[in-house]
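According to TrEMBL:
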type	residues	note
ACT_SITE	HIS477	active site, proton donor
BINDING	HIS477, ASN478, SER479, THR480, HIS481, ASP518, ASP646, GLN698	AMP binding site
BINDING	ASP518	Zn(2+) 2 binding site
COMPBIAS	270-281	compositional bias 'Basic and acidic residues'
COMPBIAS	284-294	compositional bias 'Low complexity'
DOMAIN	134-204	domain 'PAS'
Amino acid sequence: QVLLVFAEEDEQSSGFRWACDKAGFRCNLARTPQSALECFLDKHHDIIIIDHRHSRYFDAEALCRSIRTTKASENTVIICVVQRHTDREESSILPLISAGFTRRYVENSSRMACYNELIQLEFGQVQAQFKLRACNSLFTALEKSQEAIEITSEDHVIQYVNPAFETMMGYQIGELIEKELTEVPINEKKADFLDTINSCIKIGKEWQGMYYAKKKNGDSIQQNVKILPVIGQGGKIRHYVSISRLCNDNNKVEKTCECIQAESQTDTQTCRHKDMRKGSLDVRSTTSRGSDGSSQRRRSSMARVHSMTIEAPITKVINIINAAQESSPLPVAEALDRALEILRTTELYSPQLGTKDEDPHTSDLVGGLMTDGLRRLSGNEYILSAKQTHQVAGSLSSPISLNDIPPRITEAMENEEQWDFDIFELEAATHKRPLVYLGLKIFARFGICEFLNCSESTLRSWLQVIEANYHSSNSYHNSTHSADVLHATAYFLSKERVKQTLDPIDEVAALIAATVHDVDHPGRTNSFLCNAGSELAILYNDTAVLESHHAALAFQLTTRDGKCNIFKNMERNEYRTLRQVIIDMVLATEMTKHFEHVNKFVNSINKPLAALEENGNNGDGESIKTVLRSPENRILIKRMLIKCADISNPCRPREQCIEWAGRISEEYFAQTDEERRQGLPVVMPVFDRNTCSIPKSQLSFIDYFIIDMFDAWDAFADLPNLMEHLNNNIKYWKGLDGRNLRVLRPPP
């Protein structure tokens, strides 16, 4: 089925209609984006052809993004018809790809040209999408299989396990994905066993046999296992599929072991195993083959990550209290009962509002930023409209580097190392593209290209792609906010205490995380998306929806094209470490865990450092280093750093603070307007553009979120200038509020 989206009938649309008839394809025609979206959701077309030649009728890229937000478009081929230009240089296709188009078609109204295009699509992209659809059936079979199935990469990194595997081994899939299989210490007996397996699977043969594996709880289980190599790109082994089942029947185990002992020598010498492309996947119908049955039925180099018994620290605490209760007097036991009730709650770090609950501004901010919203009872899903989808900018008209930045932009960035740097001056000089320019300068200052082993042109392309995926239509969450957070991050990284703490890879991760931390932000809060039943909220189970999307999309955009893949020359393990840190920092910007991050930072870092100073150990470098350099504390410091950078607006010079306050208020006003239009729960009713007091909202935000966090960060990083700005801005907002003014600035 084909959907043609043309605002007006012309030779091009007629050509495609004729081609559809000739090819025997069912064809629908839509004139507007709304009718196109409705028609697609009803018919689920295989091919959509959108006219991108006349922007005055509708925004073709916005329509494409709207379609791509729907689940039904996952296997749809979307073609963009563009104008033929013979008098100017070929333009980049990257913005179209970013918008969700599969390919472009340069206008040619010839009927046979249209027919040939459709036939190529049918036997190319459409046929490939049919195969991808079939994968859903295959995964359903895997999910329902009673055998435990595990798929690893050629480097033995786990990529998939099915529910039967989770049940057998006691792990959740999230604990295993991207984890490497643990190597077993090799002794003389085990070495033969490992060689038996590897000698077969490395030459493309399947291996069958039994070995012991340890479950998550430490129990040892015996498995009947088949390991199959899978040939992929380049004719090389790209994956290993392991199919296993428990051996519960003791008699059956003994007989199978005898079979292994009898056949092992012959099998080891000749490797008489079925060719992996011909072998059956049903391990119940095969004869087990392996090696020595006494000591070699253990973990091999293909064995699992099942050797650790993990007990959560909170479990240990609860067990200690339970033990103490047994020998405690009644009043103590009752007090411990109350303590246990508190410990068993999920919100250990979120404070109670107390008297602040009476302040509607604080109440609404907490409700809007720290919850996932209210559930809609109607069950209706909210699909992002064209206005809400991200606007992808075109590629820059001419390449830029640090050597050819325009003078006005260079001048705007002269004091970028200072906290009082004016990001809005750079925004104006760059025509709302500050991220590319500021990113080039800051990344050069920190030697990011040298660390990543990538060229400046690759970095420039990456910055362009990331900035293009920030929505310039958002008043607050746009690329200027990203550039502002990048600047704050770089400033914090230059502080002496921070430099003592973090490694170069941490600095690189922090700067990248700051750059991408809000990419493709729709200008709406997590609560809004959850209430609206958006595709993203469904995808991420109403949990850290936007932050998960920012992190995932950042890596998708980066690795999609080698021209902008800044990670392509990194060693694999180093890349995985860097990726983990970036993801952790982006997720730390989610506000539901704000108080958890701040409290952990205070208790694990601020208080121990203060205790060392009080005890006269201020000069004891080793003691301070122990606090700063522990892996757990470094994670807390990186999270705190990006959190402070993300919401540092109240600590900026007054005019910048006021501008940011106006922008975030406008974004919240727009959300409230849309919630009322859509009939959604209004998450922050105080942000009504007709009644809201911006000074009150700023004071509530500062009082509830900012003061304690920046007091802790200042105690760590020594930031007197930020605290001075913060105090001055508090006085400014209080002055307006004291005069009952609801606006950003007093009247002339």
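A Cβ is built for glycine as well, from the same backbone N, Cα and C atoms used for every other residue.
A TrEMBL annotation is a machine prediction, not a hand-curated record.
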> Among the binding-site residues ASP518, ASP646, GLN698, which ones place their C-alpha within 10 angstroms of the C-alpha of HIS477 (active site, proton donor)?
Replying inline: ASP518
> Sequence gap of 6 or more, C-beta under 8 Å: which same-chain residues meet both conditions with respect to GLN698 (AMP binding site)?
Replying inline: PRO650, ALA661, ASN729, TRP733
> What is the maximum Cα to Cα distance, in Å and rounded to a whole number, among the residues HIS477, ASN478, SER479, THR480, HIS481, ASP518, ASP646, GLN698 annotated as binding AMP?
Replying inline: 22
> Here are some binding-site residues: ASN478, THR480. Which one has the most Cβ atoms within 10 Å of its Cβ?
Replying inline: THR480
>> Using CB atoms and a 10 A radius, I'd like the single residue among the recorded positions HIS477, SER479, HIS481, ASP518, ASP646 with the highest neighbour count.
In response: SER479
